[in-house]
Amino acid sequence: MAGSRGALVVFIALVLLGAVSAGFYDDYKIIWGAQNVAANDALGEVKLSMTENIGASFATKDPYLYGAFSVKYKLVPGNSAGTVTAFYLHSDDARQDEIDFEFLGNSSGEPYLMHTNIFVNGKGGREAQFFLWFDPTADFHNYTIVWNQKQVIWLVDDVPVRVHRNIHPSLYPRTKPMYVHGTLFEASTWATRKGAVPIDWTQAPFQVNYRDFTYRACKVYNGNTLNCRMNVHQNPWERPEFQSLSTYQKQQLRNVRAKYMTYDYCTDKTRYTSPPMECSANAMAWAL
Ligand SMILES: *[C@@H]1O[C@H](CO)[C@@H](O)[C@H](O)[C@H]1NC(C)=O
Ligand SMILES: *[C@@H]1O[C@H](CO)[C@@H](O)[C@H](O)[C@H]1NC(C)=O
């Protein structure tokens with residue numbers, strides 16, 4: 001009896017906590033384009049829109065150091081050429097650490113390009129691009145960044161598409177907490193076929209929907225990162241299953257690379273005469 005009453009109290013407390021923390025504006029701040037952000041807390045959904053040159057951008061109020069970050073979204077449908085939708089972690093300083101998912105729009109019926117990158121101390125240049133195996137404008141799909149002390153994994157609907165291993169402190173984001181950002185912006189000059197297809201404003205407003213933000217991550221309070229760097233084994237995102245890929249995940253990643261990858265900086269000899277240092281370690285992560 002006492003046990004079940006205890007359980008009931010816990011249950012009510014959880015419901016209350018959920019109700020209190022459910023509001024978008026409790027957890028996020030607007031960076032720009034407030035007039036283009038529509039949060040629907042009942043659906044757990046946020047709609048960003050873009051009209052004549054003004055998109056929208058929001059970010060978490062708090063930064064995190066390591067974690068697993070997921071969001072579901074449904075991208076701008078129809079002629080989305082010149083638009084970019086992004087979900088990314090960013091340390092919000094000048095020489096930033098950053099981990100990106102960016103979706104470059106396209107003319108009606110043409111595929112979106114999914115662009116990924118990772119910056120350490122302001123240095124990026126580690127792009128990988130993919131087509132998706134589904135129409136990302138037709139329905140919501142789940143995009144996840146897992147960031148732990150061993151590696152960063154980018155996942156789409158639970159399928160790992162990219163891994164960046166921690167092989168050296170100067171080549172890995174490991175000290176700066178990052179904010180989670182969601183942005184819709186115009187990039188006519190480069191996004192679609194290197195700028196050949198600019199945005200068509202007669203199609204505006206362009207709209208993208210985000211939902212189901214789920215972060216299992218270490219929140220940094222008052223700039224004190226020690227707890228997040230030390231509590232390695234207690235943290236779910238540091239579990240063995242996130243420190244290396246399973247045999248099945250390796251197979252999934254190899255399949256994505258073979259069928260859907262359109263660009264990999266590691267094999268771009270015009271930019272890097274010999275591949276950057278992390279490339280061979282990364283390749284080991286999905287090797288047979
Ligand atoms: C999204 O994917 C992550 C990682 O694969 C998973 O843990 C999470 O449960 C998924 N979220 C939803 C809402 O499906
Ligand atoms: C748009 O579609 C074209 C034609 O299928 C494709 O070559 C291109 O990579 C796609 N993505 C972008 C961002 O241009």
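Cβ atoms are placed via backbone N, Cα and C, with glycine included.
Now, the feature entries from TrEMBL:
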- GLU98: active site, nucleophile (ACT_SITE)
- GLU102: active site, proton donor (ACT_SITE)
- 1-210: domain 'GH16' (DOMAIN)
- ASN106: N-linked glycosylation site (CARBOHYD)
- 1-22: signal peptide (SIGNAL)
Secondary structure at ASN106 (N-linked glycosylation site), reduced by DSSP to three states: coil
The residue listed as 'N-linked glycosylation site' to GLU98 (active site, nucleophile) - Cα separation in whole Å: 25
Greatest C-beta neighbour count within 10 angstroms, which of the recorded positions GLU98, ASN106: ASN106
Of GLU98, GLU102, ASN106, recorded positions neighbouring ligand 2, Cβ under 6 A: ASN106
